[in-house]
Amino acid sequence: MLTPVCCKQAAPAHQNTHREVRPHTHFAKEQGSFCFCTCFLTGCYYPFFVLPSNFFTACSFVDEIRDENPRKTTISAENEVEAQKLANNYKFGFRKWKSHVTERPFEDRSSIVKELYSELNVIKPYSVGSLFTCGNVLYVFLFGWWIALVYVLVGLLMFLTVFGVPYAKLCWKLSCYFLWPFGKSIEKVVFLFISKFYCLFWRVSTYIWLLVGYPLLAVTHSVLCLISWMLVFTIPVAKMSTKTLHTILLIPPEHVHISQATEVREHESRVILCCYHAVNLYYYKYTVDGINVFAVNLLLLVIVSLVIGYVDKSNEFVSSEVKFATAVSSIIPLSYYIGMGIASISAQSNFAVGAVVNATFGSITELTFYITALVRGHHQGNKCLQEIVKAALTGTLLGCILFIPGICMIIGGLRHSEQRFNSRSAGVSSSLLFISVGGVFAPTLFSKAYGNLVCEDCTNSTGTNSSGSFTPLVYTISILLPVSYIIGLIFTLKTHSHIYDIHVGDGTGHLGASVHWSRWRALLILIVATVLMSACADLTTEHIQPILSHSSISQYFIGVTVLAMVPEIPEIVNGVQFALQNTISLSFEVGSCIAVQVCMIQIPILVLFNIFYDVGFVLIFSDLHLWASIFSVIVVNYIFMDGKSDYFQGTALVVVYLILLALYYFAPSPSGC
């Protein structure tokens, strides 16, 4: 341990009381490879050696010296709503959300992001580089040749009408343009004098154009726009097609001038369209009203899933396997919308409202599927669906405990050689995981100790009827687990909030920033997404049975992988983004939050649902579920002990997760399947 040296006194009398030295974000100063922290006894600065790459590495060092005064985490936000959202990410029981819930000031964004939202009407001949890029060549093979061919054919059709000759010439010009539009500009030329005869001729030709040529091109550009938008990275092509459809094709052909973007105009003109690149790999950042473009596009999958699922009941056109795949995949965008709605409401509300919304809608995705599967299995007399639900519950635990932290450690470690986090706050989550897993699997341990107690008339090894003690045990645990969750909220957010000491920096600006979704709009979207989620869950459970019956893979494996982890894909993305920004603690909290909610909220709700509507749900898990979950909690607690993470530790967690998946893959199917 390095002994701090006072900068004012050569030999301070209190040098043995260096445990009082703690970092503070308002007083800490960095100089060279040393970090200076304020001593709370004398007010003087104390230097100690730190890693030069990250100042907060030093903060973690001092955090180990004095555990009773943990590091204060200071966050900076663009406005008050974003500050509240960021603060919620550090709160126990709140879902972690990375995306912005407010409109970011356009002038503050990077040039790369600004380019994504450009209108493609700016000539910039000196900053585009070479136009012969892979993306532009790919455009010619995917879109350019057949769009040019359509324009040639429409031009011939308009030429045959005689009056449509001006539009025929325009189509042939646009044919050459769309074959290779890069570096060319389309401008609207303004003429000061137009004869009456020309006006009459233009009116007749316009009627023919709107009846014959324009509808064909409207269909063509609609298809082009849809395809290029769905591919995301070719959104510039969609913008180009949209502007052509609603602007260029409705301008008199004599006013449309196409030329190289570097040429100088003799007439007064206005640039309508100028495109340099058909592909931009940064369009994964593109948002529509705050929603990521991938989530917007996947809404089409939800619609397709509902149509083929409820229209083609007899599977005449689409097989059950395809319906199952589309229904499960539809859960991904719906989970994203639910998460965005929760974050929007929580960021604009007080703690009580935010806690209620997170506790209810935070588990709605999983609960919708579980309850739907249990009800369907009860009506069909199929116990296999109950085992699938238990496998999905266990798979969610394993994924959140091992896979999410592991993959975040790997990706974050590749960018940052070593990442540090508050080991004490991680210890609180670990303790809650121990309580959660222990409580959930207590009935299973009880049944192992005292015999098979599943049915009402079962007897234990001594021959006495013991079913009377099993049901109260399940009910007791189902009450204690939510109570523990509430105690965790009080502990981390009220009585011991200093463990998560969050301070919003003074740099908060844009106080009048507008949110993407108001509270009422977010609530409406939450309700609609929940209804759609119920429909997709119903289709999933309806069409999973053929897969379970004909598949050579263990039903355990399907439950712990596909059904468990697909709804958590948005959370995995959030965790990875946190890790890339060197906030690995939030990546860990993503998984811990879900795992704790599974044990302390979702499973008690399933038990409560079974009381009012008996679907035969019994809180007894197989031995594989029991030991896999306990082993996972022990491993992750060992990894989190030192408050450090790197890609090697992440690899260890992912390998353990894959080993457990291999066990499930080769395990025999559960009884009743």
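Note: Cβ is positioned from N, Cα and C throughout, glycine not excepted.
Owing to the predicted nature of the structure, the values given are computational and were not obtained by experimental measurement.
Per TrEMBL, the features are as follows:
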type	residues	note
DOMAIN	134-184	domain 'Inner membrane component'
TRANSMEM	137-168	transmembrane segment
TRANSMEM	189-210	transmembrane segment
TRANSMEM	216-238	transmembrane segment
TRANSMEM	291-310	transmembrane segment
TRANSMEM	322-339	transmembrane segment
TRANSMEM	351-371	transmembrane segment
TRANSMEM	426-446	transmembrane segment
TRANSMEM	473-493	transmembrane segment
DOMAIN	522-664	domain 'Sodium/calcium exchanger membrane region'
TRANSMEM	522-541	transmembrane segment
TRANSMEM	586-609	transmembrane segment
TRANSMEM	615-640	transmembrane segment
TRANSMEM	647-667	transmembrane segment
Lying 6 or more residues past either end of the transmembrane segment (216-238) yet within Cβ distance under 8 Å of it, the residues of that chain are 116, 120, 135, 139, 142-143, 147, 150-151, 154, 157, 171, 244-245, 249, 275, 277-281, 283-284, 286, 293-294, 297, 300
Are the transmembrane segment (426-446) and the transmembrane segment (351-371) close enough that 3 or more Cβ pairs fall under 8 Å, when only pairs 6 or more apart in sequence count?
no
Which sequence positions outside the transmembrane segment (473-493), separated from its termini by at least 6 residues, show Cβ-Cβ distances below 8 Å to it?
91-93, 351, 355, 359, 428, 432, 435-436, 439-440, 442-443, 446, 499-500, 596-597, 599-601, 603-604, 607-608, 611, 619
Over the span of the domain 'Sodium/calcium exchanger membrane region' (522-664), count residues by DSSP class, listing helix, strand and coil in order.
120 helix, 2 strand, 21 coil
For the domain 'Inner membrane component' (134-184), residues assigned helix / strand / coil by DSSP
42 helix, 2 strand, 7 coil
